[in-house]
Amino acid sequence: MKQRTIAKNVDIVGIGLHKGVPVKMRLEPLDSDMGIIFYRSDAGVTIPVKKEFVVDTKMATVIGKDGVVISTIEHLLSAIYAYGIDNLRIVLDNDEVPVLDGSSAGYCMLIEEAGIKELEKSKKAIKIKKEIEITTEDGKRVTLKPSDRIVYDFEINFEHPAIGKQKFHFDYSIEEYKNNISRARTFGFLHEVQYLRSIGLAQGGSMENAIVLDKTKVLNPEGLRFDDEFVRHKILDAIGDMALLEYTLVGEYDAVAGSHHLNHLLTKKLYEDEANYEIIDLEEASSEASVFEMAYSKVES
């Protein structure tokens, strides 16, 4: 199995979630072994998608270098990672990725518009060898477990009548991601949005790019795309955060009330001990390669 990039440049214009200002973004193909990189054209700074460059995880995943940051990268990275793209340059003229409709569906469409191109060098993956876990005193947990498959399990429990307790199990394939994960939107509570706006954040947030809830119900007139859209979006976010591993994951991700911050701690902990993982060549590891071949096949046939 070979590394992948996109076949041609594609452009999109949108607004950033927090500043609410317009941003132009272009996806550009890259050669083998270049990885996923962001380039801030207004600042002339390149920032690789690596855990070492994560500078903030409170409201979103933010990477930075030399005082230049790029915020809210997780939805775009989720689509890139789900489509198995290994090498890509993302050019932005501002410090936030466009929020689009609050999901990653628009990014899936953009990638499909660009097309997928196989490169010459073999694709690599990171295979989990030992279970690792991050926990908190209030019961939150994120875990990576050994598996020959690519699986995401997530559980949330909100004391809100429109959310409550939700679980979702995702067996990875591009088709399943596109149909069942990518369309799930980010969500927030009205009182939180009002507070964030009072401190200069969420300026671009609206019911056009997020699910908004008051104390009892969903305020969006169109309602939900899935009954369990909230937990599906948490999986979307987790996939985007796992892109910071730099290699495609082979293993099981399992979370209870996970977050960007816990995901970042998990990726750091994984790399602390080489016994936790193995970097495998998918030209040589036929059983693992077959998992990806099946995952890629339906949407590309």
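Start at 1 and count along the chain as shown; that gives each residue its number.
Cβ atoms here come from the backbone N, Cα and C positions, even for glycine.
What Swiss-Prot records for His75, His233, Asp237 is Zn(2+) binding site, and it gives sequence analysis as the kind of evidence. In the three-state DSSP assignment, the secondary structure recorded for Asp237 (Zn(2+) binding site) is helix. Within its own chain, Asp237 (Zn(2+) binding site) has Glu74, His75, Ser78, Thr186, His260, Asn263 as residues 6 or more apart in sequence whose C-beta sits under 8 angstroms from its own.
The annotation active site, proton donor is assigned in Swiss-Prot to His260.
Using a 10 Å Cβ-Cβ cutoff, His75 (Zn(2+) binding site) registers 30 neighbours.
Long-range Cβ contacts of His233 (Zn(2+) binding site) within its own chain (separation 6+, distance under 8 Å): Ser103, Ala184, Arg185, Thr186, Phe187.
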